[in-house]
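Colleague: As annotated in TrEMBL:
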type: DOMAIN; residues: 3-316; note: domain 'Cobalamin-independent methionine synthase MetE N-terminal'
type: BINDING; residues: ARG16, GLU17, LEU18, LYS19, LYS119, ASN124, ARG531, CYS532, TRP577, GLU621; note: 5-methyltetrahydropteroyltri-L-glutamate binding site
type: DOMAIN; residues: 442-764; note: domain 'Cobalamin-independent methionine synthase MetE C-terminal/archaeal'
type: BINDING; residues: ILE447, GLY448, SER449, GLU500, ASP615; note: L-methionine binding site
type: BINDING; residues: ILE447, GLY448, SER449, GLU500, ASP615; note: L-homocysteine binding site
type: BINDING; residues: HIS657, CYS659, GLU681, CYS742; note: Zn(2+) 1 binding site
type: BINDING; residues: HIS657, CYS659, GLU681, CYS742; note: Zn(2+) binding site
type: ACT_SITE; residues: HIS710; note: active site, proton donor
Amino acid sequence: MIKTHVLGFPRIGAQRELKTALERHWRGEIDAAALEQVGRSLRERHWRLQLDAGLGFVTVGDFAFYDQVANLIQLFGCEPARFGFSGEEPALARYFAMARGTPARPEQPRGQPALEMTKWFDTNYHYLVPEFDAATRFSLQPERLLAELDEALALPATPKVALLGPVSFLHLGKSHQTGFDRLSLLPELLKAYAVLLDKLAARGVSWVQLDEPILGLELDQPWRAALRQAYEQLARGEQQILLASYFGPLGENLELACSLPVAGLHLDAVRGGAELEQAARALSAERELSVGIIDGRNIWRADLDAALARLRTLRALRGGRLWVAASCSLLHVPYRLREDAGLDAELRSWLSGAEEKLAELRLLERALWADEAGPQTAADATLAQALAENRAALASRRDSPRVRLPSVAARLAGLGADADRRASPFAQRRPLQRQRLALPAFPTTTIGSFPQTVEIRAARAAYKRGELTEAAYRAAMQREIALAVRKQEELGLDVLVHGEAERNDMVEYFGEQLQGYAFSAQGWVQSYGSRCVKPPILFGDVARPRPMTVDWTLYAQSLTPRPMKGMLTGPITMLQWSFVRDDQPRAETALQLALVIRDEVADLETAGIAVIQIDEPALREGLPLRQRDWADYLAWATRAFRISAGVAADRTQIHTHMCYAEFNDILPEIAALDADVITIETSRSGMELLRGFGDFRYPNEIGPGVYDIHSPRVPAREEMLRLLRKAAEVIPADQLWVNPDCGLKTRAWPETEAALRHMVEAARELRRAQAGS
Ligand SMILES: Nc1nc2c(c(=O)[nH]1)N[C@@H](CNc1ccc(C(=O)N[C@@H](CCC(=O)N[C@@H](CCC(=O)N[C@@H](CCC(=O)O)C(=O)O)C(=O)O)C(=O)O)cc1)CN2
Ligand code: MET
Ligand SMILES: [Zn+2]
């Protein structure tokens with residue numbers, strides 16, 4: 001028997017309907033009932049797509065109004081006590097309170113910060129981090145999930161319920177209590193899972209998919225033992241469990257996974273392809289093997305011939321039984337690309353979004369059926385035609401002259417051995433930069449973006465629709481830049497930025513100006529909550545036809561005598577947040593990107609810009625999931641950064657910026673980037689993150705973020721002072737900068753100005769204290 005399925009489907013909506021509805025709800029424009037209705041209709045639409053594609057199941061449980069991990073916090077009734085919920089509040093209101101934080105109330109004068117948000121493995125999706133401590137109790141609240149299940153049953157459709165598994169749920173959470181062992185909660189959590197599984201079985205659900213993506217990580221013995229304990233216990237119930245792993249090979253966890261007494265095992269055959277045959281042999285015959293052969297992380301059209309060859313081998317090993325799936329949830333790819341208005345016909349034929357991936361699964365299923373059916377049927381002709389079309393599209397991509405630019409390869413080959421080094425070491429660059437910039441102690445700056453207002457977005461949308469001329473658009477963006485410069489001067493910031501008004505996104509903006517990149521009109525992917533990105537598509541060798549930021553930066557610099565920071569996105573972040581080609585190593589693509597950024601640095605410098613920031617927020621996210629693969633990645637990734645910065649003269653100050661990450665485990669490599677200044681996100685951790693930089697004696701200058709930009713909350717001057725004093729305990733004062741955690745594009749102006757005013761006051765207070773001591 002061949003069965004096809006997906007681990008999850010994108011939920012934001014082909015037209016981002018969920019985003020629109022959520023934001024309207026948060027603004028108070030639509031009530032909870034209207035929002036729920038949007039959720040229901042999206043679920044129904046997505047299930048119908050799965051039904052129409054002939055999948056063996058529709059997947060239930062992948063929908064979330066904010067995040068699938070946050071759903072589990074409510075499903076298992078473990079909302080953190082700090083939110084002070086009485087239980088009287090509607091569940092959805094509590095959910096958004098956890099996701100977005102709560103404003104100050106008389107009984108909670110400072111409000112509650114949201115749950116921490118962190119990267120979902122090595123993706124650009126962020127999940128909300130569950131908080132566990134000794135007082136955590138679980139109490140199953142299955143109403144929402146059961147209601148969704150009933151919707152699917154009513155279609156009618158055969159549902160498979162998909163949830164994060166108990167061990168990954170605990171693993172991905174955190175505890176603020178030192179010494180608390182999250183695994184001590186496992187027995188209670190398992191009881192709740194077991195009750196839920198029974199309820200699902202009673203509703204007639206035949207399969208429950210439990211995701212344990214931590215199987216792709218290096219696990220300590222206690223976590224491995226926890227997986228065994230969990231599945232031995234859960235498998236005792238009625239419910240059949242499909243245990244799902246993705247994002248990498250199982251490696252040393254393969255044997256464990258194959259030996260757990262679950263009814264089926266899903267593996268990522270795209271990133272863990274090498275071990276599929278081994279798993280097919282190791283898994284006992286009565287169990288199902290689900291082969292994730294369609295890439296759930298990237299947008300290239302699948303090579304169906306290759307997939308079929310692979311599946312036939314595996315099917316033979318499995319005695320004819322096999323499930324065929326996408327490697328991971330399709331959450332990470334856009335809805336559809338084959339008809340996207342932003343892409344030309346040739347490119348479209350090379351791509352697959354979520355809908356097209358459903359069709360690919362269907363074709364694989366039909367081809368495998370045809371093997372068994374024997375003699376030619378009428379359906380075979382359409383199948384053969386579809387496979388031929390697939391072959392032709394793949395050949396057109398492989399042979400396309402658009403993909404290769406000989407000049408790029410030649411330039412890389414000719415790159416000097418010292419291209420990744422500045423002319424002199426930091427100690428020599430520093431006095432030259434100090435003299436040129438003449439900054440006060442504790443210099444203040446921001447990370448780049450200022451509020452992306454409705455007006456800015458509307459102007460860009462009108463320009464893209466052809467309703468605004470290029471000149472009018474340019475003038476509108478220049479007005480925004482002038483406004484940002486004026487406000488920064490009024491606030492008294494030291495190193496200014498132009499504010500990035502002209503950028504739709506820090507990656508897409510550059511992609512749009514580079515050869516080798518294409519960008520879709522509707523290829524949205526959820527990044528967190530209602531926020532989406534439209535990753536540009538890197539399909540060929542990268543080249544820069546003309547400078548990308550020089551005009552805007554020079555315009556901004558012309559408005560002020562203060563230093564204007566040029567603002568670029570670094571090669572690794574460009575790589576990580578784009579859909580990149582799969583026909584050459586990522587390391588090579590990174591080098592090509594490094595060269596175009598290098599050229600931009602050179603042009604900004606020639607134009608007289610004295611400070612240039614090369615953002616690398618995704619450097620940490622790109623780390624391989626297993627530590628043993630880190631060194632190789634870090635070697636090429638940091639070299640790519642250094643190649644982009646290495647062209648700068650000693651007197652030009654290079655900044656970099658990183659956020660959303662635990663930096664302490666890669667401090668030597670961060671230091672090896674040799675940026676003159678690094679700004680990092682530290683405020684949510686109360687400067688804890690900085691301690692590592694201090695212990696390591698980080699050699700260059702650092703701007704630890706002094707306030708969280710994810711929340712409209714305006715921190716008091718004293719709060720920032722406290723953080724700065726804490727920072728000064730671990731970092732020498734003459735190395736410290738003062739700045740927010742990250743860019744301010746998601747904020748509005750009033751809170752931005754208020755917070756920056758407090759920040760500048762805090763820096764001035766420090767200077768006074770220093771002068772007086
Ligand atoms: N690529 C990327 N990844 C990242 C980050 C990032 O900045 N970029 N930051 C971190 C956090 N992730 C984030 C992801 C998205 C957003 C974000 O603000 N996204 C915006 C969209 C940004 C964008 O592409 N804007 C376009 C398109 C805007 C738009 O929706 N326009 C409307 C029309 C608007 C109108 O008519 O008024 C439309 O196309 O329908 C533009 O400004 O041009 C959103 O979801 O709202 C923020 C942080 C980590 N990962
Ligand atoms: C996610 S890092 C953002 C850096 C960028 N320069 C900004 O301020 O928006
Ligand atoms: Zn950032």
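Going from the start of the chain as shown, residues are counted 1 onward.
Yeah, the Cβs are placed from backbone N, Cα and C, and that goes for glycine too.
Bear in mind that TrEMBL entries carry predicted annotations, made automatically and left uncurated.
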Colleague: Would you kindly give the Cα-Cα distance separating ASP615 (L-methionine binding site) and TRP577 (5-methyltetrahydropteroyltri-L-glutamate binding site), rounded to the nearest Å?
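Modeller: Their Cα atoms are separated by 12 Å.
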Colleague: Taking each of LEU18, HIS657, CYS742 in turn, which of these binding-site residues have a Cα lying within 10 angstroms of the Cα of ILE447 (L-methionine binding site)?
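Modeller: So the list reads HIS657, CYS742.
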Colleague: Based on Cβ atoms within 10 Å, give me the single least packed residue among the binding-site residues LEU18, ILE447.
Modeller: LEU18
Colleague: Widest Cα span across the L-methionine binders ILE447, GLY448, SER449, GLU500, ASP615, in Å?
Modeller: 13
Colleague: Do you know offhand how many angstrom separate LEU18 (5-methyltetrahydropteroyltri-L-glutamate binding site) and HIS710 (active site, proton donor) by C-alpha?
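Modeller: Here the two Cα atoms are 20 Å apart.
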Colleague: Which of the recorded positions listed here (ARG16, LYS119, SER449, GLU500, HIS710) have a Cα atom within 10 Å of the Cα of HIS657 (Zn(2+) 1 binding site)?
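Modeller: None, since no candidate lies within 10 Å.
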Colleague: Look up GLY448 (L-methionine binding site) in the DSSP assignment and report helix, strand or coil.
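Modeller: Looking at the DSSP assignment, GLY448 (L-methionine binding site) belongs to neither helix nor strand, so coil.
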Colleague: Distance check, please: Cα of ASP615 (L-methionine binding site) against Cα of HIS710 (active site, proton donor), rounded to an integer number of angstrom.
Modeller: 18
Colleague: Taking the Cα atoms as reference points, how far is GLY448 (L-methionine binding site) from CYS742 (Zn(2+) 1 binding site) in Å?
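Modeller: Rounded to the nearest whole number, the Cα-Cα distance is 8 Å.
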Colleague: Is ARG531 (5-methyltetrahydropteroyltri-L-glutamate binding site) helix, strand or coil when read with DSSP?
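Modeller: Where ARG531 (5-methyltetrahydropteroyltri-L-glutamate binding site) sits, the three-state DSSP reduction gives strand.
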Colleague: Among GLU500, GLU681, HIS710, CYS742, these being the recorded positions, pick the one whose CA is nearest to that of ARG531 (5-methyltetrahydropteroyltri-L-glutamate binding site).
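Modeller: Going through GLU500, GLU681, HIS710, CYS742 one by one, the closest to ARG531 (5-methyltetrahydropteroyltri-L-glutamate binding site) is HIS710.
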Colleague: Quick one: of ARG16, LYS119, GLU681, HIS710, CYS742, which recorded positions lie within 10 angstroms of SER449 (L-methionine binding site), measuring between C-alpha atoms? Sequence order, please.
Modeller: CYS742
Colleague: So which binding-site residues out of SER449, TRP577, CYS659, CYS742 are up against ligand 3, CB under 6 A?
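Modeller: Checking each Cβ against ligand 3, the ones under 6 Å are CYS659, CYS742.
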Colleague: Distance between GLU500 (L-methionine binding site) and the residue listed as 'active site, proton donor' at the Cα atoms, whole Å?
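Modeller: That comes out at 18 Å between the alpha carbons.
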Colleague: Based on the record's binding annotation for 5-methyltetrahydropteroyltri-L-glutamate (ARG16, GLU17, LEU18, LYS19, LYS119, ASN124, ARG531, CYS532, TRP577, GLU621), what whole-number value in Å is the widest Cα to Cα distance?
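Modeller: Per the listed residues, the maximum Cα distance equals 28 Å.
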Colleague: Within 10 Å of CYS742 (Zn(2+) 1 binding site) by C-alpha distance: pick out those among the recorded positions ARG16, LYS119, HIS710, and say none if nothing qualifies.
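Modeller: Qualifying among ARG16, LYS119, HIS710: HIS710.
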Colleague: Find, among the binding-site residues listed as ARG531, HIS657, the one whose Cβ has the highest number of other Cβ atoms within 10 Å in the structure shown.
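Modeller: Comparing the binding-site residues ARG531, HIS657, the most crowded Cβ belongs to HIS657.
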